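Features of the protein shown, as given by Swiss-Prot:
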type	residues	note
ACT_SITE	TYR213	active site, proton donor
ACT_SITE	LYS217	active site, lowers pKa of active site Tyr
BINDING	LEU51, LYS76, ASP99, ASN126, TYR213, LYS217	NADP(+) binding site
Amino acid sequence: MVSSKELPPSTVPFFPNQFFRNQFRSKPQYPPPNTNLSEKVAIISGGNTGLGFEAATQLLSFKLGTLILAVRSTAKGEAAASKLRARYPKATIHVWKLDMSSYDSIQEFAGRVNTQLPRLDMVILNAGVSKLEFGTVSSTGHEETVQINYLSTALLAILLLPALKSKSPPGIPGRLTIVSAALTLVAKFPNRDESPLLPSFDNPKYWDPNDQYCSSKLLMHLFLWKLVDYISADDVIVNLADPGFVKGTELARDVSGGQRVGLSIFASLTGRNKKHGASTYVDAVVNKGKESHGGFIMSWQIHPYPTLLYTSEGQQITERLWDETLAEFEFANVRGIIESMKGN
């Protein structure tokens, strides 16, 4: 199969064409019924609610051996784990603290993976936010949506790469799926010409709640385009998965009033159910092979990246974003980690 980079950019309008095709004409793809994950170890961030919890349920239904729910609230995580343990008593289920708004917490979590897990097969980075009001994370000064959806997720992904490479069985690549969104295809990205780029997302003059969410997900596309040049699909398969528009999730938990009512009505008419939405994660991390490395999976199919990435402008932005992101993470030796992934 052809990878996302090798596909030509799509010329089909997202609204209404691709949106309604995604929501009503796409067929979910589940692992074969005899799939056995009994020896495997998986991590899901934000796995205590919504699509993360549903993805956990689906993996456990295929006899997943060990599951780690990476959650901000361990109390809520344990409540979710109790439900899963009751349903799947043969599985080993742990709850580990992970605060995606804290670089210290992210580093502590990755360190725990390195020291406490003898094996790691798959990771689904599902935690994300969609903020209605502008706000910043006190410890970093960055706007919350970009901090959680892009910066913190990118840092965690990089820190987990060595474990996915070294702790998966010989000859079997580790799997890393980062949850994305089809809305990247319509991101306006009004601050794309700013230099430096990342601080411009912290400027309220560019703030729009809808586009900030879209742009935060687009940043991960730009970053992954470059990152996979350093990672062999023989070591770790890294991809992006879009769950589609799903009803009943907590992504829009900060939405209130009339917007919440309108969104609920629209979701009831067009939204996928959680089972179908979460199956996109499971498909990406279990079904898809090396052809999905560095790819964007939308509606269970490998899809082109947003058009911007195929342009000279997009490539220039990618290089700027790459340099600024690695500089942001200098404290965590990410350059050394990324370089180490190129070795045998």
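The first residue you see is number 1, and the count goes up from there.
Cβ atoms are placed via backbone N, Cα and C, with glycine included.
On the structure: features taken from Swiss-Prot.
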| residue | record | DSSP class |
| --- | --- | --- |
| LEU51 | NADP(+) binding site | helix |
| LYS76 | NADP(+) binding site | helix |
| ASP99 | NADP(+) binding site | coil |
| ASN126 | NADP(+) binding site | coil |
| TYR213 | active site, proton donor | helix |
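Every protein chain shown contributes to the tally, and the Cβ of the residue listed as 'active site, proton donor' ends up with 23 other Cβ atoms within 10 Å.
The CA atom of LYS217 (active site, lowers pKa of active site Tyr) is located 12 Å away from the CA atom of ASN126 (NADP(+) binding site).
Across the fold, the C-alpha of ASP99 (NADP(+) binding site) and the C-alpha of the residue listed as 'active site, proton donor' stand 19 Å from each other. Least packed by the Cβ count within 10 Å, out of the binding-site residues LEU51, LYS76, ASP99, is LYS76. For the pair formed by ASN126 (NADP(+) binding site) and TYR213 (active site, proton donor), distance between Cα atoms is given as 14 Å, rounded to the nearest Å. Rounded to a whole number, the distance between the Cα atoms of TYR213 (active site, proton donor) and LEU51 (NADP(+) binding site) is 18 Å.
For the pair LYS76 (NADP(+) binding site) and TYR213 (active site, proton donor), the Cα-Cα distance reads 25 Å. For the NADP(+) site listed in the record, the two most distant Cα atoms among LEU51, LYS76, ASP99, ASN126, TYR213, LYS217 lie 26 Å apart. Counting every protein chain shown, 28 other Cβ atoms lie within 10 Å of the Cβ of LYS217 (active site, lowers pKa of active site Tyr).
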